[in-house]
Amino acid sequence: LFAIFAFATCGGYSGGLRLSVDCANKSESDLNIDIAFAYPFRLHQVNFDAPTCEGKRRETLSLIGDFSSSAEFFVTIAVFAFLYSLAATVVYIFFQNKYRENNRGPLIDFIVTVVFSFLWLVGSSAWAKGLSDVKIATDPDEVLLLMSACKQQSNKCLPVRSPVMSSLNTSVVFGFLNFILWAGNIWFVFKETGWHSSGQRHAPDTMEKQSSGYNQGGYNQDSYGPAGGYNQPGSYGQVGDYGQPQSYGQSGPTSFANQI
């Protein structure tokens, strides 16, 4: 969604400015000089006619600068990021087993996420600089300096309307927001890789092996419990051997009394 906003606000832009040249001879004036430009901002190809205030002769001028490289690079990154995000969403939902197979899917996803994070940073920075240059090149005051009629003090050259750059400013903002999103996703994708999983499982596995070594021997058996050899009630608790009441109770004292 953020990638869509990024390339839509930049790639769909079209704007313009309007200038007025009031010559000393009013019949030679042109008060509505419209100059239109759009993405990809090859301004040197934008031509317009302006009066020279020297009779009916007019001159053909063009804006200065070619900023298509940074703009097209930014839009290209946004389009490919949108396509990859869409494809990754389908894989996450419908092909989760194949995604985790042999840990190849998470690794590829991690590498692509890192690459897109770097591209978003570079592309957004380049387009921010390109947009700054576009604003200077399309500034009505700067464009008026290109006209020969405006170099004469007898003529009055004024800006009528400046280009609206709000959508282009929004595209730069969305570009850096995409960088933050993709850079933040690096951690979440890294958690899906085998690198993170092996690091998390290594310590618990060693602890389990050590604890199992102590639990499997004779130290954890119930040898001293109720069923063991040292706590059997039959060994010392039999009444027939030591607890018969006839041995020391009535027989001994009766015979001794009879003898007396």
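Any Cβ shown, glycine's included, is placed from N, Cα and C.
Just so you know, TrEMBL annotations never went through curation; they're auto-generated.
Record features (TrEMBL):
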DOMAIN    1-194  domain 'MARVEL'
TRANSMEM  73-95  transmembrane segment
TRANSMEM  107-128  transmembrane segment
TRANSMEM  172-190  transmembrane segment
REGION    199-227  region 'Disordered'
COMPBIAS  209-223  compositional bias 'Polar residues'
REGION    241-260  region 'Disordered'
COMPBIAS  244-260  compositional bias 'Polar residues'
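Sequence-distant contacts of the transmembrane segment (73-95) (same chain, at least 6 residues past either end, Cβ-Cβ under 8 Å): 3-4, 6-7, 10-11, 39-40, 105, 109, 112, 116, 119-120, 123-124, 126-127, 130, 171, 175, 178, 182.
The average per-residue pLDDT of the prediction over the domain 'MARVEL' (1-194) is 92, rounded to a whole number.
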